[in-house]
């Protein structure tokens, strides 16, 4: 019996040991699996890591900075040094405010696209107007960039060819150089599907533009400090304020110096986390924390503010020093003021051409999307359809720039027709309508808008009480008069009371929406001015 008991005890101990071993092995396997899963999640998060805010600022800044960089100094020549800088600062503020209105509309509606926001606000009947306007504007900008390359590349090759190339060489052909640049450089970059992937090329473009600015500053300082050079005798005095018809020439340049609204939504997309933007899920979930909204809004505004500030520093540097050197002889293309024998200026021209080449694909993103939304709204950017939607706008833009050689005509027409609508009028109208129509907002914003309407109703009720008191006092005074006089006076009082309510309602509405109303008004006045200027220039009238 003792042996059997010992055998049973040993067997039970062995079984318990085996169970412990199995449990240990299972735990070790589970730990290994959990470690592998953590490593995989780390790798996946590293792969799907969002681009930093600085990269997004570079891309949005590259959208702003373009051919207008070498034209800003001309505004100081047309308006004067101080007045031109004031116009530049006003344009920067209005552009940033326009971007902030679009960001607010995105947060209030959960919609992440310019054309989608337009269809949501304007309705299905007019949803095609905005994509068509965007297509005209972006298409004109790209065609203008191509035209600038066609005007700047042949002289550079001629000066750096050392006479080894004949005058009839294909390398001096404007059409050939534009086509070659588009096919070899711009087209491959245009086939990139995400605009944030162009962060590196945008950084190169920004550095090339900064090099141009530094070159202009160094050349200007060397001339101003040279005692043997009399800039007053060569180029005239520095003018600080100049009020003349030449302001019409400077207004389109300053108005559209900070345009980047067309690419804002694609740059700030997926700003909070991996995958789709969480604001797109709000339409179904209707639930989000205030902290999340504030963080998201702050990051978006940082990107917009950083892009505007970056462009402002570049514009201020090149405009002030360029104007102080050439003064009354400053041309629309500042680099044309330098002599052909200036090698440093030639390097700056090459850098500017490189910046324009790398800037064109960024603008092409908005052009391709507007082309799709205008003519093929049901298509998606997949497979052969993506190739078609990419190639056709490129071919159209290339064809237009080969036919139209005057870049001023292209910029004036696109700015007058579509620029003011896209940059100023529509953002103000979107925000005005969404703010005053709670059914266009998400549930989280309806309470805020209802509070606004409650405030308006409270002010109206207070005004009604005041008007009632006035009416009661007036009726007491009218007791002694005749009945006919009483009736006529009461009718006049009721009419004046209705007018007072209307005026008070309009004043309250203006106070709560003055920012959007002023934005729309400025865009309308600027559009009329730019259209008038372009018509006069096409007609050959000197301003």
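Here the Cβ of each residue, glycine as well, is placed from N, Cα and C on the backbone.
Annotated range for transmembrane segment in TrEMBL, selecting from 386-407, 452-473, 474-495, 496-517: 386-407.
Cross-referencing 247-268, 269-290 with TrEMBL places the feature transmembrane segment at 247-268. Range 57-76 is the one annotated as transmembrane segment, of 37-56, 57-76 (source: TrEMBL). Remote same-chain partners of the transmembrane segment (82-103), defined as residues 6 or more beyond its termini with a Cβ less than 8 Å from a stretch Cβ, comprise 72, 75-76, 114, 117, 240-243, 250-251, 254-255, 257-261, 264-265, 268, 297, 300-301, 304-305, 308, 311-312, 315-316, 319-320, 323, 423-424, 427-428, 430-431, 515-516, 519, 522.
Only residues 6 or more beyond the boundaries of the transmembrane segment (170-191), in the same chain, are considered here, and those with a CB under 8 A from a CB of the stretch are 146-147, 149-151, 153-154, 157-158, 161, 198, 201, 357-358, 360-361, 364, 368, 387, 390, 394, 398, 401-402, 405.
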